[in-house]
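K.L.:
Can you keep this structure in mind? I'll have questions shortly.
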Amino acid sequence: MKLSKKYTFRSRKVLLIILDGVGYSPKGPESGNAIAGAKLPFLNRVWNQFPTLHIQAHGKAVGMPSDDDMGNSEVGHNVLGSGRIFDQGAKLVSNSIASGDIFNGQAWKEVIGNSKKNNSTLHLLGLFSDGNVHSHIDHTKALISQAILEKVPKIRLHILLDGRDVPEKSALDYLNPFETWLNSLRKSGTDIRIASGGGRMTITMDRYEADWSMVERGWKVHVKGEGRYFSSAKEAIETFRSENPKIIDQYLPSFVISDNGKPVGKIQDGDSVVFTNFRGDRAIEISLAFTEKNFDKFDRGPLPNVLYAGIMQYDGDLKLPERFLVAPPAIDRTLGEYMASSNIPQYALSETQKYGHVTYFWNGNKSGYFDQNSEEYREILSDVIPFDQSPEMKALLITEALEKALNENKQDFYRVNYANGDMVGHTGNYLATVQAMEFLDGCVERLWKTCEKQNIVLLVTADHGNADEMFQLDKKGNVEKDSHGNPIPKTSHTLNPVPISILDPENKIRFNSKLSNPGLANVAATILDVMGYETPEGYHPSLIQNES
């Protein structure tokens, strides 16, 4: 890291606050903008009176295939922490399928070869939608089509219902045409069926070890075939909805498809299993359950001897899983790595739901520390409840811990993620999201007062939108309503930009408003600029206006 010679007032300490899921929309609360609907005396003052820009946080600006693709916390923190844009999992897998490279790779050959050699089942397990945040249904269909071409004897599908990155009750919109397609494959002689499933926030897709019981519930239905039996996934979904009309897809209970009283697709010795999610955070725990010899998170029972692969590798440091179909993005020279190599003290803090984002994803999908002597990571455990029941989440404890760290003044760079806007936003509960935002307003104000006292520059931004659009909108931007005239909740991320504001106790630093198409990739250089360091080669430029 080289000190910059351009500026006289730099060499400042920095706090970066990431308000997860807090995008910018000019629309009002009547359109589902929970940020506009909240009373935010401090944040509104920040956005209106302090230097503020709106920067891109979706689509190609964060490495997604197109500008129709939402941003998400994983890619957002990758870009924030690396200062550059890398092709992300969605694009890498799509490109590999289009080129055929995925099917010419060693891992795919081993997956198919194992099933053919043992005359066994190929199991495909993953999120079942086209949300393109964790997975895409087209990837699953491509794997199925290729497996049939290569004459795999039997295919079983274990579907995790979304309703989070897509409309909250859209499961049958994906399932019905998919089952029609499967039926045509069966008529052509393919032994293929859905075997199990459930909502993504009920089974299998836990992250950051927040709730291993989710993974255990998934294990029971996918592997053991233990659970409530149904003749089809459609019957399961319709039954659960009739029993609880308010339930949304992500919280649907687990189910097992049976035939004559027996599960149609238990995972057994000799089978091949591919996890079809490309995003890592919610893929790691189920991958450990399939591959870890000394596993102690729950009783797996007799562990089936299977050949397991991920569509991508989910943790490069842990080599998890060892077998993967597409290589993940190779993110190097991150801001955290540069700072650690120069012995610049860093502090990272969040609650469990976003802790991995300010560490693992920020550091380019790398676990652990670069240099434990100069880095301090702090996790505050999240509650295991639906977050609209407690919209403040752990924001108060985070604020108190960060105030303490700022007052101790041991580090030069601090980063924190407040999960509320995203995690409460994902519940689709507009009023709870308003409450979450109002609680955050006071937290950010407290931190600014501490920064003023310690002469620390404060940057406030977000990784993507969510709370800014809580109702489904039609193509004309009008709110879509249900049969009772109520707005249809939206639980997914948005395509909106995010604000970034700079609060300088010395009131010297200004943004360069003439910079073309700024995005999250500009934030890393901005941090270094304020701290008095030159921008590393290849990084997107700083947002700071040069001194005249």
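Note: Cβ is positioned from N, Cα and C throughout, glycine not excepted.
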K.L.:
Going by Swiss-Prot, D20, D463, H464 bind Mn(2+) 2; tell me which of S73, S82, S390, S516 is listed for that site too.
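P.N.:
It is S73, as the record lists it for that site.
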K.L.:
Report the candidate from H493, H540 that shares the Mn(2+) 1 site with D422, H426, as recorded in Swiss-Prot.
P.N.:
H493
K.L.:
Please pick, from K109, K234, K246, K354, the residue that Swiss-Prot records in the substrate site together with H134, R164, D165, R200, R207, R279, G280, D281, R282.
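P.N.:
Answer, per Swiss-Prot (substrate site with H134, R164, D165, R200, R207, R279, G280, D281, R282), from K109, K234, K246, K354: K354.
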K.L.:
In Å, rounded, how far does the Cα of H426 (Mn(2+) 1 binding site) sit from the Cα of D165 (substrate binding site)?
P.N.:
8
K.L.:
Inside 8 A of the center formed by the CB atoms of D422, H426, H493, which other residues of the chain have their CB, for the recorded Mn(2+) 1 site?
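P.N.:
Going along the sequence, the neighbours appear as D20, G21, N72, S73, R164, G421, M423, G425, H464, N466, A467, T491, S492.
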K.L.:
Write down the Cα-Cα distance for D165 (substrate binding site) and D463 (Mn(2+) 2 binding site), rounded and given in Å.
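P.N.:
Approximately 15 Å lies between the Cα of D463 (Mn(2+) 2 binding site) and that of D165 (substrate binding site).
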K.L.:
In sequence order, which residues at least six apart in the same chain have a CB under 8 Å from the CB of H464 (Mn(2+) 2 binding site)?
P.N.:
D20, G21, G23, A57, H58, M70, G71, N72, S73, G76, D422, H493, T494, V498
K.L.:
In the three-state scheme derived from DSSP, which category covers H464 (Mn(2+) 2 binding site)?
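P.N.:
Once the DSSP labels are grouped into three classes, H464 (Mn(2+) 2 binding site) ends up as coil.
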K.L.:
Per DSSP, to which secondary structure element type does H426 (Mn(2+) 1 binding site) belong, with helix, strand and coil as the options?
P.N.:
helix
K.L.:
Which entry in the list of binding-site residues, D20, D165, has its Cβ near the fewest other Cβ atoms, using 10 Å as the limit?
P.N.:
D165
